[in-house]
Structure formats: structure tokens, C-alpha cells
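Enquirer: Could you have a look at this structure, given as C-alpha cells, before my questions?
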Amino acid sequence: MSEMRFFIDPIRCIGCKSCMQACSECATHKGKPMIHLEYMERGSSTQTVPMVCMHCENPTCAAVCPADAIKRTEDQVVQSSLKERCIGCKNCVVSCPFGVPRYYPEMDQMMKCDLCYDRTSQGLKPMCATVCPSEALFYGTLEEFQSRRKGTPINTFDFGMQEIKTRVFLVAPDGYVNLSMDVMHHLDGRFEDNAYDHLDPFSHLEAMPMSGGLL
Ligand code: SF4
Ligand code: SF4
């Protein structure tokens, strides 16, 4: 049987925050949502984008952790930090290319999305995907996705010279193969208007029509 995958389709997000609410009800993170909503262009658009850990094939967060506090399961799910190991240095927070991990001072620990591993390891969907009314968060096989949905699932991202492959897919308009997030290329223009738009991984979607749209 094909592997179950997680898909984020930003175009479908209606900003209802059901995912955040459902996530925050998990007993292991005590009222804190591990999924976050980003805004594409807050000044001019209400479009929101749900953001979870992308579960990178070679996770930078784990590579830079001096305490070896971030472990991966056999099926490549990158876990939150181990409480007894995390020293709160925040290396993972600043190094994650997707801006995912958060350090919680009251818990003195980095926590992040672990793909609801207590559920997904038992064949259940992550909580956020069970409540998302527009299926902006979709959990299923690649074949299931392709038979039901529009858009191209992408899990290869370019950050300058570095290519990052992820376990989680981002749904882009048809025709895309990978998404370039070339930060260095844009540094010369850092004093120009909108100079940092390229740092937003979803800014390319702003001018696009409903590509991953509802069926
Ligand atoms: S998205 Fe960030 S937190 Fe998640 S595995 Fe990749 S580097 Fe680590
Ligand atoms: S904050 Fe914790 S998990 Fe993150 S790099 Fe530092 S020790 Fe590792």
C-alpha cells in the first residue's frame, strides 16, 4: 500500500483556524497549537496559509541541535525536542528554512508539529486534517490526492544553492516542479519596496488564479 502523505493546499485555506483549535486540544502540548497560519500579504489580502513542519529528509533543525534533542522516527517523521535533552538554545528556531519550530519559555523546550505521531502511527489522520472544512489540509496517499484534486504536489524546495526535500507536500499550480525560495539572489535589493517578499514561501501564489481550487 502507498505511503500516507500530508498535503497543504494554501489556496483552499479560509482562515477559520479550526486546525489550530483542534491541534491545541492535544494533551501533549497543553493548549498550544503546533500548526500556525501565515498571511500571504497581510496589508492587501486576507489569504492565509497553514504551516506545519515539512518533515525534511535531512532536517536542518536536527543537524544544528547541539544536544541531539530532535529525533526522527523510522518512517522519517521529525519529532519535537526531547524535554530532557533540549537546552533551549533556539538553534533550531533560527535555522529551520520554513520557520516552524517555536521555543516555549514556560516549558523551556522547543516544540513543533510531529504529524500527530500518536495518531498517524496508528493509521489515523492528524487532528488538523480531520477538521479542515475545505481540505486545505489533506492526509492520504499520493494516488488518492491525484485522483481527487487539482494542483501539483511539490516536495522539493530550493533555498539558494540548497535543495530541500520534504515528506510533506505543498500543492502548487499545475506545471510547477519545484519551488525556488532563493534568498541570496535577492539580497542586493534588500532596501527596495517588497524586498523581502521572496522570504515568504507562498508569495508566488498571490497573483495566480485558483489553481488548486475546489472541485
Ligand atoms: S521544516 Fe523545519 S522543523 Fe520541520 S523538519 Fe524541516 S527543518 Fe526541522
Ligand atoms: S532549542 Fe532545544 S531542540 Fe532546539 S537546537 Fe537548542 S537544544 Fe536542540
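Any Cβ shown, glycine's included, is placed from N, Cα and C.
Curation plays no part in TrEMBL annotations; they are all automatic predictions.
Found this in TrEMBL, in case it helps:
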type: DOMAIN; residues: 4-33; note: domain '4Fe-4S ferredoxin-type'
type: DOMAIN; residues: 44-75; note: domain '4Fe-4S ferredoxin-type'
type: DOMAIN; residues: 76-106; note: domain '4Fe-4S ferredoxin-type'
Enquirer: Over the domain '4Fe-4S ferredoxin-type' (4-33), work out the mean pLDDT and round it to an integer.
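Expert: Within the domain '4Fe-4S ferredoxin-type' (4-33), the model's average pLDDT equals 92.
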Enquirer: When secondary structure is assigned with DSSP, how many helix, strand and coil residues does the domain '4Fe-4S ferredoxin-type' (4-33) contain?
Expert: 13 helix, 5 strand, 12 coil
